[in-house]
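Q: One structure, pasted below without further comment.
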Amino acid sequence: MSNQTASITTGQIGFLGAGSIVEAMLSGILKKGLTAADRIFVTNRNNSERLEQLTDAYGVNATTDKLAVARASDILILAIKPKDAGEALLELRGTISPNQLIISVIAGVPTSLIGEWLGVDCPIIRTMPNTSSAVGLSATGLSANAFVRPEQLALATRLFEAIGTVHEVAEEELDIITGLSGSGPAYIYYLVEAMMGAGATAGLDREMARQLTLQTVIGAAHMLLETRAEPALLRRQVTSPGGTTQAGLEVLESYRFQEAVTAAILRATERAREMGAQYR
Ligand SMILES: NC(=O)C1=CN([C@@H]2O[C@H](COP(=O)(O)OP(=O)(O)OC[C@H]3O[C@@H](n4cnc5c(N)ncnc54)[C@H](OP(=O)(O)O)[C@@H]3O)[C@@H](O)[C@H]2O)C=CC1
Ligand SMILES: O=C(O)[C@@H]1CCC=N1
């Protein structure tokens, strides 16, 4: 079966910012054939080496002329850090027209503030994907402002559906999604680091510990998806009374594992809200 999706636009897609999330999105978008590489323009603050690297790897166009990219893009994807957003978007003031679609992946920053900085009432879709976009497995939340037309929302939804799943939500919920699934891959990687390390410490070959850990994570994710069973039930099915799993889980409980994960996600959510307020 082909992995390719029909092209979603004949227009130009511009990326303001050329960091980790842009590379993950580029990789996913091009693998799925959502548009041709020569219709994509990438720009950043001043790191021309990085632009060259993206041009070489993906065949996209790259330039440090941000205003030219902003002006010419039918869809402009904002992918700069929240702390840089005010300065960067004020620079674009006067270049954006209401016919362009702005898609933001910036954590915490509300669409109202983006519109204020750009100085125009234009369609803005705020989103929160994650870096698994690179392999077509992002979990993306998105929310549209009042100027977004249904066909623009449909286009953005198709774009993110091609690189994962999409949930349309109320804008306030995007901060929670940022703490949960935007940051989420890092929590899983952290767990994987610990599991691999433990396997190796206990005496396994490191590469084998890696393979066993990854297959365990993939298997558990598929079990959750395919059986649709509650995670607590699946956990109980692994846990023989008085056995190894119970012994392991008791240690996790003594370190308040679930409390730690809950506190991490709530703190990340709070941080998204703080960033929206801090950088205005
Ligand atoms: N990484 C992730 O997992 C995710 C990130 N996000 C969001 O995406 C955004 C980018 O994150 P990430 O890719 O990790 O960040 P990076 O630090 O990797 O990249 C930031 C990019 O922004 C560019 N930049 C900074 N200032 C300007 C400016 N004034 N004009 C143009 N470009 C500028 C930088 O250019 P230069 O190198 O030249 O300074 C760099 O290319 C953030 O808002 C983050 O919240 C959302 C979902 C997931
Ligand atoms: O760490 C961050 O702020 C960004 C937002 C979600 C993932 N990375």
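Just so it is clear, glycine is given a Cβ too, placed from its N, Cα and C backbone atoms.
Heads up, TrEMBL stuff is auto-annotated, nobody curated it.
Features from TrEMBL:
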- A79, I80, K81, P82: NADP(+) binding site (BINDING)
- 12-108: domain 'Pyrroline-5-carboxylate reductase catalytic N-terminal' (DOMAIN)
- 171-275: domain 'Pyrroline-5-carboxylate reductase dimerisation' (DOMAIN)
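Explain the structural surroundings of these features, please.
A: Contacts of I80 (NADP(+) binding site) defined by a Cβ separation under 8 A and a same-chain sequence distance of 6+ are given as L16, G17, A88, I106, in order along the sequence.
Here the domain 'Pyrroline-5-carboxylate reductase dimerisation' (171-275) is broken down by DSSP into helix, strand and coil counts: 88 helix, 0 strand, 17 coil.
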Q: Within its own chain, what residues at least 6 apart in sequence put their Cβ under 8 Å from the Cβ of P82 (NADP(+) binding site), listed in sequence order?
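A: Result: I106, A107, G108, V109, M275, G276, Q278, Y279.
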Q: For the domain 'Pyrroline-5-carboxylate reductase catalytic N-terminal' (12-108), what does DSSP give as the number of helix, strand and coil residues?
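A: Split into helix, strand and coil, the domain 'Pyrroline-5-carboxylate reductase catalytic N-terminal' (12-108) gives 44 helix, 18 strand, 35 coil.
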Q: Can you tell me how many other Cβ atoms are located within 10 Å of the Cβ belonging to K81 (NADP(+) binding site)?
A: 14
Q: Can you work out the mean pLDDT of the predicted model over the domain 'Pyrroline-5-carboxylate reductase catalytic N-terminal' (12-108)?
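A: So the average pLDDT across the domain 'Pyrroline-5-carboxylate reductase catalytic N-terminal' (12-108) works out to 96.
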Q: List, in sequence order, the same-chain residues at least six positions removed whose CB sits under 8 Å from that of A79 (NADP(+) binding site)?
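A: Sequence-distant Cβ neighbours: F15, L16, G17, A18, G19, I21, V22, M25, V105, I106.
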Q: Write out, in the order they occur in the sequence, the residues of the chain not among A79, I80, K81, P82 that have a C-beta within 8 Å of the mean position of the C-beta atoms of the recorded NADP(+) site.
A: G17, G19, L78, K83, D84, A85, A88, V105, I106, A107
